[in-house]
Amino acid sequence: MNKNSSNTMALAPNTSNKRETVCIFGTGDFGRALGQKMIQSGYPVVYGSRSTQISNLIPKDAEVLGHAEAAQKAAVIIIAIQRQHYNFLTTLAEVLHGKVLVDISNNLKLNQYPESNAEYLAQLLPGSKVVKGFNTVSAWALQSGTLDASRQVFICGDDVEAKQMVMNIVRGLGLTPVDKGSLLAAQEIENYPLQLFPMWKFPIFLSLGLGLFFFFYSLALDVIHTYIYENNNFSFFIAITVPNRVFPAMALTLFGLVYLPGIFAAIIQLYRGTKYRRFPDWLDRWMLARKQLGLIALAFASLHAVFTLVTPLRAFSSWRTSRQIISQALSNETVTLDHTNAWLSDSYLAMGMLGFFLFVLLGITSLPSVSNSVNWREFRFVQSKLGYLALILCTAHAMIYGGKWFLNPSAYKWYLPDIYMLSLVVPCAVLVVKFVLIFPCVDKHLTRIRQGWERKPRYSE
């Protein structure tokens, strides 16, 4: 009997599909967009406003009442007004007592106030249950159906039940709630929309510094030196030639910097004999920026490929080719094919194309939509094994390009190495040390450390 009853209840349809009424204080852009989204999701919406006149901007199925009357109709009230207007809420303290207040406000700058807006609201209305949420979602994202925006909504609050009610509303809107803990996390959540590419600052500034260095270095050797000592005005090199020397140098250097922190981490773990100690802060920040460094390197590699493809279209290339042809015709000479140079040229191009292909594969795999569809072993294989293979191919591409000039004194203008020589320093150092680390005697010891073995255990039996 009990078994049949249990089955009947399990198969019975859920009759509690009716959505609870939600009140919104504020009829601004975000308040209207959120109200429209809630109505589309089946939530009855009532607006609390100073003016109860119906505007054509308000969603047509929403009700507009005074603040006190609107608050009485809902258990969850979304505060879609700015912090400087919170004071009027104290006059509604009795009506708002026991209600769930969702603070969605943002500030104009980071840490604008000593406490978060949500904490300030909780201080004004101690009898209410304040939850922080929806501040990282834009009105545009709600109006466009969140198809082109992040679906994550960060939630925090001290009352577990109130927070769960808000998270259920978030799910009802087709969004993904992320529980960030107590109301103490509200300051962090309010800072999220004000941060401009927080993970990209170090990679961008590093790339900018390296780019300027390589640009002026190449400008000095390829334009200024030629003008001073050969009296040739090659200033037009600034448009194509100099950038196409900077781009591959930047791509290869940044590519090496992607794998260099992993080398440092392995050396530190071998030296310490344990994995249970934090890396230095500078190394932690560097490792967290590897994805961004790799994507910037891929951007420079792509520019190098494009600039190389358009090189034959340049007037300078046409002039140089026609000059060589005329010179051979006037001297009645025929230049035979140099098979050694042909092999080097084809190998140089093949290494570059294969390296670029793997580089693009690494970039695609780093995208969240792709990385989420592969398991950890597959992701590690692509990013580590294929990544090092791509680095080897790109390094070989650069070495074959200028290998014959390494010992040629004429290649050292003002006694300075060419830019491609500088670009080989970091990747070659990474590959040499990595080659040592994969020796069985070293790799076995490093693997044991990463599996939990310690040279000097913290706790002895």
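All residue numbers here begin at 1 and follow the chain in the order shown.
The backbone N, Cα and C atoms fix where each Cβ goes, and this holds for glycine too.
Since we're looking at a predicted model, the values are computed, not measured.
Per TrEMBL, these features apply:
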- 21-107: domain 'Pyrroline-5-carboxylate reductase catalytic N-terminal' (DOMAIN)
- 204-229: transmembrane segment (TRANSMEM)
- 249-271: transmembrane segment (TRANSMEM)
- 249-394: domain 'Ferric oxidoreductase' (DOMAIN)
- 292-313: transmembrane segment (TRANSMEM)
- 348-367: transmembrane segment (TRANSMEM)
- 388-407: transmembrane segment (TRANSMEM)
- 419-442: transmembrane segment (TRANSMEM)
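For the transmembrane segment (419-442), the list of distant contacts is 214, 217-218, 221, 245-246, 248-250, 252-253, 255-257, 259-260, 263, 266-267, 270, 388, 391-392, 394-395, 398-399, 401-402, 406: same-chain residues at least six beyond its ends, Cβ to Cβ under 8 Å. Here the domain 'Pyrroline-5-carboxylate reductase catalytic N-terminal' (21-107) is broken down by DSSP into helix, strand and coil counts: 31 helix, 19 strand, 37 coil.
The transmembrane segment (348-367) shares the most Cβ pairs under 8 Å with 388-407, out of the stretches 204-229, 249-271, 292-313, 388-407.
Confidence for the domain 'Ferric oxidoreductase' (249-394), expressed as mean pLDDT, is 88. Outside the transmembrane segment (388-407), and at least 6 residues removed from its termini, the chain residues within Cβ reach (under 8 Å) are 248, 251-252, 255-256, 259, 301, 344, 347-348, 351-352, 354-356, 358-359, 361-362, 418, 420-421, 423-424, 427-428, 430-431, 434. Residues 197, 235, 237-238, 241-243, 245-246, 249-250, 253-254, 257, 292-293, 296, 413-414, 416, 418-419, 422-423 of the same chain lie 6 or more positions beyond the ends of the transmembrane segment (204-229) yet place their CB under 8 Å from a CB of it. For the domain 'Ferric oxidoreductase' (249-394), DSSP puts the residue distribution at 123 helix, 0 strand, 23 coil.
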